[in-house]
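Quick look at what Swiss-Prot lists:
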type	residues	note
COMPBIAS	36-47	compositional bias 'Basic and acidic residues'
DISULFID	CYS115-CYS128	disulfide bond
REGION	30-54	region 'Disordered'
MOTIF	97-101	motif 'Secondary area of contact'
SIGNAL	1-32	signal peptide
SITE	GLY53	site 'Reactive site'
Amino acid sequence: MLTIKDGTLLIHLLLFSVVALVQLQGAKSARAKNPSKMESKTGENQDRPVLLGGWEDRDPKDEEILELLPSILMKVNEQSNDEYHLMPIKLLKVSSQVVAGVKYKMDVQVARSQCKKSSNEKVDLTKCKKLEGHPEKVMTLEVWEKPWENFMRVEILGTKEV
């Protein structure tokens, strides 16, 4: 049995759906009339249109992304059973997408470090040295970050030896 509160919620949902459909139809017709108004041109790629909300290639040397790399690798290390921490060697490729926060897809060259996970100290991956005799790897990662919530989720999409 529906209560008045349930009925009110249902009416709001229906109204929201109708408004969303009307706006979607308006956006489709606006895009059909003038597709260039639906594109954004930013940064170095000003001659190439970028789809709003779509994946955008980023510069692997971008300071904002490089500052995130140690935190990202710490999350990767939490998921690994290896005795040693992995450390970043080089960010090879990165793209981003604005969602509720920012999603990054990246290829990161990593190596096993001399820093052991068993130590109780907080590890600074930028100060760890590479453990010789172990192959470097390229990890493909997807990172979802919402800094205002202090939230970061890292998913390992793939790993291959260099």
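Here the Cβ of each residue, glycine as well, is placed from N, Cα and C on the backbone.
Overlay of Swiss-Prot feature records on the structure.
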{"residue": "GLY53", "record": "site 'Reactive site'", "Cβ neighbours (10 Å)": "10"}
{"residue": "CYS115", "record": "disulfide bond", "Cβ neighbours (10 Å)": "20"}
{"residue": "CYS128", "record": "disulfide bond", "Cβ neighbours (10 Å)": "21"}
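If you take the Cα of CYS115 (disulfide bond) and the Cα of GLY53 (site 'Reactive site'), they are about 39 angstrom apart, rounded to a whole number. The average pLDDT the prediction assigns to the motif 'Secondary area of contact' (97-101) is 95. The distance from the Cα of CYS128 (disulfide bond) to the Cα of GLY53 (site 'Reactive site') comes to 37 Å. In the three-state DSSP classification, CYS128 (disulfide bond) falls within coil.
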